[in-house]
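Visitor: When I checked TrEMBL for this same protein, it listed these features:
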type	residues	note
SIGNAL	1-22	signal peptide
BINDING	Trp101, Glu122, His125, Glu222, Asn225, Arg227, Gln239	chlorophyll a binding site
BINDING	Arg127, Glu186	chlorophyll b binding site
Amino acid sequence: MASSSRATVAAAAGVTLLGGAAFVSAPAGRAGNLRATVSATPASAPVSGLEASSVTSMAIASAAVATCFASRKATANSKHQLVALSAFENELGVQAPVGFWDPAGFTADGSTENFARRRQTELKHGRISMLATMGYITPEITGKFPGYLSPSAGLKFADVPNGLAAISKVPAAGWGQILAYMAFCEVSQDQSAGTPAAAGDFGFKVLTASDPEAKKTKLAAELANGRLAMMAIIGMFFQDGLTGSAWGDWANYTASPLRAFENELGVQAPVGFWDPAGFTADGSTENFARRRQTELKHGRISMLATMGYITPEITGKFPGYLSPSAGLKFADVPNGLAAISKVPAAGWGQILAYMAFCEVSQDQSAGTPAAAGDFGFKVLTASDPEAKKTKLAAELANGRLAMMAIIGMFFQDGLTGSAWGDWANYTASPLRAFENELGVQAPVGFWDPAGFTADGSTENFARRRQTELKHGRISMLATMGYITPEITGKFPGYLSPSAGLKFADVPNGLAAISKVPAAGWGQILAYMAFCEVSQDQSAGTPAAAGDFGFKVLTASDPEAKKTKLAAELANGRLAMMAIIGMFFQDGLTGSAWGDWANYTASPLRAFESELGVQEPVGFWDPVGFTSDGDVVTFKRRRSVELKHGRISMMAAMGYITPEITGKLPGYLSPSAGLKFADVPNGLAAVSKVPVAGWAQIAAYFGFVEFSGGFEDYKTGTPGDYGFKVLTSSDPEEKTKKLSAELANGRLAMMAIIGMFFQDGLTGSAWGDWASYTASPLRAFENELGVQAPVGFFDPFGLTKDGDTEAFKRRRATELKNGRVAMLATMGYIAPEYSRFPGFCSPTEGVKFTDVPNGLAALGKVPAAGWMQIFLFLGMVEKGLYTYDSARAPGDYKNAGVLGVPNGSTMAPGEGRNRKLNSELANGRLAMMAIIGMFFQDGLTGSAWGDWANYADSPLRAFENELGVQAPVGYFDPLGMSKDGDVTTFRRRRESEIKNGRVAMFAAMGFIAPEYFRFPGYLSPAKSLKFSEVPNGLAALGKVPFTGWVQIFLFCGMVDFGLYRADDSRDPGDYANGGILGVPNASGPMADAEGRKRKLNSELANGRLAMVAITGMLFQNGMFGTTGPAMWGF
């Protein structure tokens, strides 16, 4: 019997092998999907020879008897499981992106009854978890209930701690009440199978609905929120239990194994030590070092790979052949993933061999330098351990960024077939389903980085859009609620008469939360509930699209409604960002507007007096790079900023110089026959410079970088390499020069980026507007309001979509704003000369003469007055002057000429256009004027900003200085002298005098050659006569290179040698200067008053000359001549 069993088992094993082979080698096309295999029939395959067929048949027959019962049972179970897995795919709670998720196989039995019971339990747990999560959060924000939790025990609500610690404080009677309430909830309704309660419907219609589809949607949302809450409350319990703090203070994790690596390489702000997967939970130093080494390698490969994607797009590809034997050129290999199929097998062999060489050529066992990423390549490491750590930390950060970047590039490339992921290739993407939906606006277009719309569900999209509209509306109200009390003050009277709480007692911002009484919160919640449930918001209703019948935001015209809701969406999005910022500032500083004076302990203050902190921005670090207060890191970044600024200044000059002075003579590369004149200006030059040239550039960079050292920020002032034009032996002077250099470098970085952008967009180094032939901005060049000298001005690109309707709407808005601004400006001016007689408000006893002029009037106008103003505006906007798309912007049917509602209109033609253009220009001026008046009024408390009120202004320090002359007086609109620094003022005055003197010479230089020129040669070597040099800007291209060198050296000699500044002398008064600058060492003029008058005259003439020469250069550049046409004759 035993042998028979063994034979049977052997036969079964043989059949198993044969059956497995047959399954593996089944013909293509037989395999079905998982569910189809339940009913699939075995496929027969022809076998060569009778013997094979007989053996197989015998084996199958023998095995069939032995395995019949077991296989039948296993097959039945398998079928049952497959059917069970699909039984609940459409049940409540199955949501993207996870779908039906049951990793533990609870539903494997296919029991609908068990599924419903578990779903009911899940709903209950989710609801309890949502309440529990709110119970953790609410006391932290709104505070606790007043009064006693247990009067008999003398226990106040305020005495009960938040979180798990509360468990021991609640008295036994309290637990009894809790348990009794839970039991009541549990047994008060029939929850047996088939009842509404069994599906989670207990009649509480906020969570359910009479409409089955709406109820399903709400319960699905509740399930998702409940699942999130279950995860959240578990996390809160864990944090609370581990740290003893309801919010899990990291400082309490003193014994955590995660702390073992807090000071390791790669732990950097702002994330700190980050190990969400808990790889380091075992505290193994050896494993940590191995992972760090792997991370460094991956990061280095990713940096090379990222550069490999980018470089061929910019510099082109190598010349010649990648594989001569295969006839494959580098130019034939596409960029990105497509290159994988082009590289020949021998190439892959070389790549793998090189990788293996790199991997095995050094000992990387634990404890060796290579184990820590040090392979002796000293660009990335150093002999100094601290410097090496800094470099490797920077490399780690760059490598992590590169790993993210290369994954993104691979994903884009694989998805679109383009190395840069051209959006045009996403033709079948579900994201395109909503490209024309409400809220898709330039410049972002359709924006869904989290992929919420990836399922293509129109219903889900509409629900999210409705939610976004609601959140935006609430945020707009909340933002106004922050701002309004600061400007208009608060309501008079009592917020709560019973509590004796006045509106004036409620602070602005987050501090108000603890002041509003419980009844007030009840009213707020009740009003919110009323708004939410008072209308049917189910799918397909107007309310589902945000239309609640409030026709200020909507309209009977579908197109107009869409325009308004799109504008509202944009404003709501802005308001959501604004209110979050206000909350953050308020919470951080305790002030609704985030007063910087409250940041007394901020690490950002550590660098307030450092180099580069300059007015008007002050210390500016929006990303918080300096939040760690690390001085060494700050100095290193400052050093890097100086280097980047210097390179950018050189680059900006490199764009400009060839356009003005021409290019160097001769050959850039004699061997390649490439002249300097053959190299185009700007980005186009990148592809012209030969490989050897790039090598020379890289070698020079390396020389400069290594010869100066990398420790300047540790050993001295960042950026001080001993080049004393930019530094000085005097520390104060050096700081001033480096500060000026930083400011210029920052400007140059912005400038060169702009130049690159313009060059790349237009193919011209200066972005010639003539190259924008197909630009949508050209669509409005001849529209009303396009006037010289600015022309069509749209720096924000609002019109780049070419939408005429949107342009007309903005033009109408501009006209309205301009008209209001003109009235407002007149409203500031007129009351200074005349006011209405009588009462503004007879009931309040407020006369027109009692209302102050300017912003102070806002606090005097009674509430009824504001209501009248608001209603009048609404009447004008919605009744009298309604928009008509068939008429020109700002032209209303009832308006008449000058807005008088008499129906008259100006006849079309040049006169009408001229008048409307004048109105636009005056309106723009008025908008600027009224903003200036508001600013002055707010700053000085006077509608006209009386200068007499600036008694302590630092601007007064220079009122009697040289150059302060009528009718302007002391003029400093940019506030350069507001710091009251006499030294800086003297330096600027000296610069002004120099610039004025140069400008006077230049202005004379434009005029004199029209009447007289020097005889003879300017450059005998070049046979260039003075008479051959054209006048004006055209002369720049004629002066030879050596001439520019002579000019530059002469300027340097005058500035640094002959006429040196002397702090003991007046600005512009040089020891060797003499009268009128003649270096005859004559002393100053004896008559002090006469001397002052002459120097004032020189300043005035110099200022006039600076304006004049700028106008001459502009005119010359525009007309291309210095002849009569340039002067307008």
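Note: Cβ is positioned from N, Cα and C throughout, glycine not excepted.
Bear in mind that TrEMBL entries carry predicted annotations, made automatically and left uncurated.
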Visitor: Looking only at Glu122, Glu186, Glu222, the binding-site residues on record, which one has the least crowded Cβ, with the fewest other Cβ atoms within 10 Å?
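Guide: Glu186, out of the binding-site residues Glu122, Glu186, Glu222, has the fewest neighbouring Cβ atoms within 10 Å.
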Visitor: Around Arg127 (chlorophyll b binding site), how many other CB atoms lie within 10 A of its CB?
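Guide: The answer is 19 other Cβ atoms.
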Visitor: Please list residues from the chain of Arg227 (chlorophyll a binding site) whose Cβ is under 8 angstroms from its Cβ, counting only those at least six apart in sequence.
Guide: Glu122, Gly126
Visitor: Take the C-alpha atoms of Glu186 (chlorophyll b binding site) and Asn225 (chlorophyll a binding site) and report the distance between them in angstrom, rounded.
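Guide: Per the Cα atoms, Glu186 (chlorophyll b binding site) and Asn225 (chlorophyll a binding site) stand 21 Å apart.
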Visitor: Distance check, please: Cα of Asn225 (chlorophyll a binding site) against Cα of Arg127 (chlorophyll b binding site), rounded to an integer number of angstrom.
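Guide: With distance taken Cα to Cα, Arg127 (chlorophyll b binding site) is 9 Å from Asn225 (chlorophyll a binding site).
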Visitor: Express the distance between the Cα positions of Arg127 (chlorophyll b binding site) and Glu222 (chlorophyll a binding site) as a whole number of Å.
Guide: 8
Visitor: Identify, in sequence order, the residues in the chain of His125 (chlorophyll a binding site) that are 6 or more apart from it along the sequence and have a CB within less than 8 Å of its CB; answer 'none' if there are none.
Guide: Gly226, Met230
Visitor: For the binding-site residues Asn225, Gln239, which one has its C-beta crowded by the most other C-beta atoms within 10 angstroms?
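Guide: In terms of Cβ crowding, the pick is Gln239.
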Visitor: Can you tell me how spread out the chlorophyll a site is, meaning the largest CA to CA distance among Trp101, Glu122, His125, Glu222, Asn225, Arg227, Gln239, in Å?
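Guide: Between the outermost Cα atoms of Trp101, Glu122, His125, Glu222, Asn225, Arg227, Gln239, the distance is 27 Å.
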